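J.: As listed in TrEMBL for this protein:
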DOMAIN    481-726  domain 'ABC transporter'
TRANSMEM  185-206  transmembrane segment
TRANSMEM  227-252  transmembrane segment
TRANSMEM  264-288  transmembrane segment
TRANSMEM  295-314  transmembrane segment
TRANSMEM  400-422  transmembrane segment
TRANSMEM  846-863  transmembrane segment
TRANSMEM  883-914  transmembrane segment
TRANSMEM  934-967  transmembrane segment
Amino acid sequence: MRKYTTRSRCMTAMSLYQASDVAVSMFDKILVLNDGHIAYYGPATSAKAYFESLGFYCSPRISVSDFLASMSGDPTGRKPRDDLQRPVPVQPADFEARFRESSFYQQTVSEAAKPPQGAASGDSRASAYALPLYRQVYECTVRHYQIFLTDRAAWIAEAGGTIVQALLLGTLFRNQRAVTEGLYTRASALFFCVLIMGLQSSAEFGNTFVQRPILLKQKALRFYRPAAYALGQILADVPWKFIFILYSLPIYWMIGFQRTAGSFFTWLVCLYMGLMALSVMFRAIAVFTNSITRAILPVGLLLNVLIIYTGFYITPPGMKVWLSWIRYLDPMYYTFESIALNEIGSSSYACSLHDIVPRGELYNETSLQACAVSGSVAGQLNLSGRLYLMVEYGFEDFHLWRNVAINAAFFVFFSTVVTIGMERFRHASEQMATIFYRKLPSWANTSPIHPADTEEPQYVTDSKELRPSSDSEMAPISCLNNTQNVFAWQELSLELDDRRHLLHQVSGWLQPGKMTALMGMSGAGKTTLLDTLAQRIQIGRISGGLYLNGQTLPASMGRRTGFVHQNDIHLASSTVREALQLSACLRRSEAVPWEEKMHHVEFLIRLLEIEDIAEAIIGVPGAGLNLEQRKRVSIGVELAAKPDIVLFLDEPTSGLDGNSALSIVQLMRRLSDAGQTILCTIHQPSAQMIEQFDNLLLLVPGGKTVYFGPLGSQCQTIIDYFARYTRCCRETENPADYLLEVSAEPDVDWFQTWQQSPEYASTQKQLQHFLQSQEGNALSSSGSDRAYAASYLEQIRVVTQRAFTNYWRDSDYVLGKIQLNVWMGLMNGLTFLQLSNDLTDSRGRMFSIFIGVITGPVLSLQIEPRFILLRDQFLARENESRVYHWSVFTVTALLVEIPFTLLGGLIYWVLWYYMVGYFTISTRAGYAFLMYELYSLFVASIAQLTAALFPTVLAAQVATGFVWLVINTFNGPLSPPPLTPRGWRWFYNISPLFYFIEGIGTNAMHSLQIACRDSELTTFHVPTGETCASYAAEFFASGSSTGYLANPDATEECHYCAYADGDQYVSFRFLQPLFISFVPHEKLLTGPLEI
């Protein structure tokens, strides 16, 4: 950055944590802020001298950045000189007042008053962007093409999933014949074409949230206008979405749709325009919502509404007046109507045998027969597809290209909405220092260590408000562990499959009461060694030995060691005290009384100086505890387990300022002095920090050791070692900077130098002593060698309690689940409100049940992110630390979902079942309720199963669409088993939804008397001199007949209804009344019907 700034003559502003003196010297000016007040602004070379002139003392080996940082931090971190003539500033306002008295302030004011040199004299209204809008759009379009082409995994997965879906549906509906029996399955296949399009489009909302941080960053840097980004993305989608439609070609040719060029390209254009309209519609929702969690509710509801009003589940003639307008806002409806008119409306269909009425050996005259299908004409056994669509669906021929134009208008409208919405993108409000506290009940006993709590956010602008005086901070603590366990490793190597070594012959040991630093330049293998020692490495081949008191490591190693991650991993909804208590309960032996565990937790809260936040919700970075507080909690969680072997810490000072980093290291020093064994990776520590350690293990790239041993007083021992082979450390130089610099010198083979040194021989001798003499103590304080300290039932109890607390505190998730069920239940109930017993409404009774199961994908989308978040936390920390068994996680994850899932199912069922008008007698309603609750549990389990199989939320949600497409395809109504190719019929035997639909469908339809409306009746003529009843008597006497005559005494035109009752209807749908075994037959057959 120094070179770039000099060459380009630009201005660069940068914030740094724990910078070395070399880095500080590269800056021209430095700004020091103290609680929003300016403490210094001026030349970098004068900053140290300025604060020294105020009366502060800077130790020779304290870096300039740490010295300057102390001026803005805790007052106890500043050391005044002894020869003061004027009091040093203490409060932030004091620093600002002293700065305003200085010459640097006068110089700053003078420079600010001067006009900028070389200032542009052009039009001040010039655009803030380097390129005009049309060029921005062009560049963004090209960029999106490049993303599509380089992100191969995404488009390969998308292409693969779509092709598999197309092959599945193509084989399921293959070779449809031009007969009336296939009209329903042909329409079902067309509906699936639209459904795939809708499911793929709904994924747009997730992609929008993934891209949002990049867009906001580049917007702030004036790369381009957000509108240009939106337009570029849409333009890039134009060809890409067409390619997506091409993936679906197997559906068209395998099913046997119209084999003409005009029909094929019409089908292609209709689907393409519908896909484009739906994509920008779902993207518009994401643009106007703050988070992906909150977007799931409107996206899920919209997707369900669009699917319901596609025109297939409920045909337009059967739609209720108050909701039928929804179809006019549904691109899926316009697409389905167009492709149905294109495919079905241009053909005629021979009447299938079971659709001919009357039929049999006595009925040979076509003029006296009819086809019992909507749109048929008396005396004709060929059905016009155009008439069928007009009568059954209300579709008109002239709507085909009109619908394409309407979808094009939708595309333009929502593209404009997306463009405007992206212009309105804003960063989420920062809540970096907001801490929320758990509200305790009035009867709770509040001890001095956690005063009364409040739900109101408390703002902590700096860690100093929670810090005690330095005297308290450095007070000695009682002994943590009485163990004398020595953890050692010998000739440890880690080799990858390509023969690269990440670690090479590393040896060392850790003793109680000693704090060892693990240092090295980037890529030296520090974290790799730490993971290997903690038995958390999952790559490569490990050679060498790991020993505890000279023995192989026990099974309890995981829970008896502490591991503080660089990225603090905590359950966001837990309080600080709860996090420590869980670790103490599950990682300490059951032989330890519960009271002792809790007492130890309270002791740690005082030790870590987190009394004020003991009841605070941990939260997430940006909304919860600040970084230093999270580090202290991480250390506390591991110490709560009372690790008697070693406490590993991976970069505990990363991201902290110098004062906070030193505070953490001083805390570690106190723990070490109390008997805790500590190994800590640390990167470029200050002189004050490195002097806190006893020993140092220094690595160079390749995982090779260049030194292991004591640091000595003020690091003199190790400085003397390196001074024998290279330059000496200067008096004002930070020893850590010196070690990293000289170990990077290419002129010296430090690995060979170390192995040939007397220090190496001494350490090897001492290592052999530890390996041979320390025996029999491996279980000295563990009390058990079990991998898990707590019993299985205790693990279930504690983790389940935490899971319920987590759900209870996350109101967005719980309320979101309830709202989803409320709105989807209302939509289903209002769509099929109080159905009658005519033929259309009988179909509605069945499809209302089917709509009840399409809630599954939406509920799954809500469950999966939460499961993956908890799973990743478990795998990253709790599994490795042997807090509880993996099966406990899966069991509790399902257990905690059960009550909320059952509650959601109850809400949906109550709103839906009684509004539709199903049977209300207890046996029928109770059976329906039981089945829907079982379905709700199935949704939760399949969602968690899908989430468990995929590494990321995005991958799981993409797979969810495919999983539910397969499940819903084989649930019965969309492809009845006898009409399904034999190769797929086996799937019904393992499809849970098929049994659900079969059971609840026959429950809803059994004993329902069907009365056709006039428009639903099929008309046929009778011979002269006969009545309808006498003419059709032979037909009704046959076992294959269904339905009834509406006018049996008529002598000219007979009106026939295809089904007499619900049993005939479900039999036609090839379902079996499984529910009857649960309900008394007499009550069903002879009891009064309540509808």
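Counting starts with 1 at the first residue shown.
Just so it is clear, glycine is given a Cβ too, placed from its N, Cα and C backbone atoms.
Those TrEMBL annotations? Automatic predictions, nothing curated.
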J.: Over the domain 'ABC transporter' (481-726), work out the mean pLDDT and round it to an integer.
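T.: Mean pLDDT across the domain 'ABC transporter' (481-726) comes out at 87.
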J.: Applying the under-8 angstroms CB criterion, which one of 185-206, 264-288, 295-314, 400-422 scores highest with the transmembrane segment (934-967)?
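T.: So the stretch in question is 185-206.
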J.: For the transmembrane segment (264-288), I need the partner stretch with the highest count of C-beta pairs below 8 angstroms, choosing only from 185-206, 227-252, 400-422, 846-863.
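T.: Of the candidates 185-206, 227-252, 400-422, 846-863, 400-422 scores highest.
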J.: With a Cβ cut-off under 8 Å, give me the same-chain residues at least six positions beyond the ends of the transmembrane segment (185-206) that come close to it.
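T.: Counting only partners 6 or more residues beyond its ends, the transmembrane segment (185-206) has Cβ contacts under 8 Å with 158, 162, 165-166, 169, 173, 176, 244-245, 248, 251, 255, 267, 271, 274-275, 278-283, 285-286, 292, 295, 299, 303, 306-307, 310, 312, 332, 335-336, 339-340, 343-344, 857, 953-954, 957-958, 961, 965, 969, 974-976, 979.
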J.: State the residues, same chain only, that lie 6 or more residues beyond the ends of the transmembrane segment (883-914) and have a CB under 8 A from a CB inside it; answer 'none' if no residue qualifies.
T.: 559, 582-583, 586-587, 788, 790, 792, 795-796, 798-800, 803-804, 806-807, 814, 817-818, 820-822, 824-826, 828-829, 848, 852, 855, 859, 863, 867, 870-871, 874, 877, 920, 925, 928-929, 932-933, 935-937, 939-941, 944, 948
